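See structure below.
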Amino acid sequence: MLSAFQFQCHFVLIFLAASKGQTRYLEVRDAGEDEPFLLLSEDLKRELSARQIYRRSLRCIDMLSIEGQFTFTADQPQMHCATFFIGEPDELITIEYNFVSIDCKGGDFLKVFDGWILKGEKFPSCLDHPLSTSERYLDFCETGNIQRSMKSSQNVAMIFFRIHQPGNGFTVTVKKSINPFPCNIMSQTPTGRFTMVVPHQHRNCSFSIIYPVVMKISDLILGHLNGLFSKKQPEGCSGVGDYVQVLGGTGLDPSKMFPLADYCQSFHGSAQMKIGCDNTVLRMVSSGKYINRVTFEYHQLDLQQIENGKNSIEEFCVPSI
């Protein structure tokens, strides 16, 4: 079994492979199955003209951040395969089956999932996703030609499949569209700045960063309605319907992470913390009564910062390296 730090490293390298085309490894698991430790290689980003459709073959374990048409053909029995799709924070992903040749009765399957699953954990979590867990799956062996496409609810999606017979496989087309109010975002990079807005929606939105980071919240507006702020909240966020929390942990699911800080009052200024966790999440909980907004920036935390840095909040999840 890999250590938490090893898992974090391999997960981080997925993003490096997607943006830099470097050879990397990935640990992946479908719930209830052993996780294979397989090779991920080849440049996944290429310059394309507006009139071209990017086409290439898929590997058993793959990562894609571009639109195009992708084909998998088994050259041997493939038992544990997955392709992870990721877009920019404001993009949604549509996956459409173009051609499928698998033996559903013989134990093959091909499923699209609205989000990501790693080591049995889901992003977004079941608490934060607008659909039930069963509604997040598109199973070809159940729907066939009835439903041939799925649009994600956030900037990540995946397919996972099992094919026994060499020569069988499938082709999918991947397209992206703009999401005007991004919610539940996986960051592609260890450095960035983002503003999350939840406009009169009763939902929870998470921004996940799979790196140890220094995070700085520079602006937070909670309870904004018709140009007026709601009354000042009491100390602490217990029972408050609108607030922001910072979470840290070693897995993918925000609902299983450790709460590091809560903010339930609007402020303009700076709240900074150093978080040495494998995964850092900023999560906004909204009642739907107001327009909530938070602006934050982050950059990767290095070992020297962990040892020597000073913070306004106690250090958490410091890696043992």
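Glycine residues also receive a Cβ, built from the backbone N, Cα and C atoms like all the rest.
Per TrEMBL, signal peptide is recorded for 1-21.
Here TrEMBL flags 52-177 as domain 'Corticotropin-releasing factor binding protein N-terminal'. Mapped onto DSSP helix, strand and coil, the domain 'Corticotropin-releasing factor binding protein N-terminal' (52-177) counts 7 helix, 67 strand, 52 coil.
Summarising the annotation, TrEMBL assigns disulfide bond to Cys60-Cys81 (among others).
Every protein chain considered, the tally of other Cβ atoms within 10 Å of the Cβ of Cys104 (disulfide bond) stands at 14. Positions annotated as disulfide bond by TrEMBL: Cys104-Cys141 (among others).
For Cys183 (disulfide bond), the count of additional Cβ atoms within 10 Å of its Cβ stands at 24 [all protein chains shown]. The feature disulfide bond is assigned by TrEMBL to Cys183-Cys205 (among others).
Taken from TrEMBL, the feature domain 'Corticotropin-releasing factor binding protein C-terminal' applies to 185-307. Helix, strand and coil counts under DSSP for the domain 'Corticotropin-releasing factor binding protein C-terminal' (185-307) come to 8 helix, 70 strand, 45 coil.
The disulfide bond annotation in TrEMBL covers Cys237-Cys264 (among others).
According to TrEMBL, the feature disulfide bond maps to Cys277-Cys317 (among others).
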Quick one: pull the CA-CA distance for Cys277 (disulfide bond) versus Cys237 (disulfide bond), whole Å only.
23
Candidate nearest Cys183 (disulfide bond) in space, where candidates are the disulfide-bonded residues Cys60, Cys81, Cys104, Cys141, Cys264 and distance is Cα-Cα:
Cys264
Could you tell me which of these disulfide-bonded residues, Cys60, Cys277, has the greatest number of Cβ atoms within 10 Å of its own Cβ?
Cys277
Restricting to the same chain and to sequence separations of six or more, state which residues have a Cβ under 8 Å from that of Cys141 (disulfide bond).
Ile102, Cys104, Asp108, Phe109, Leu110
In whole Å, how far is Cys81 (disulfide bond) from Cys264 (disulfide bond) when you measure between their Cα atoms?
42
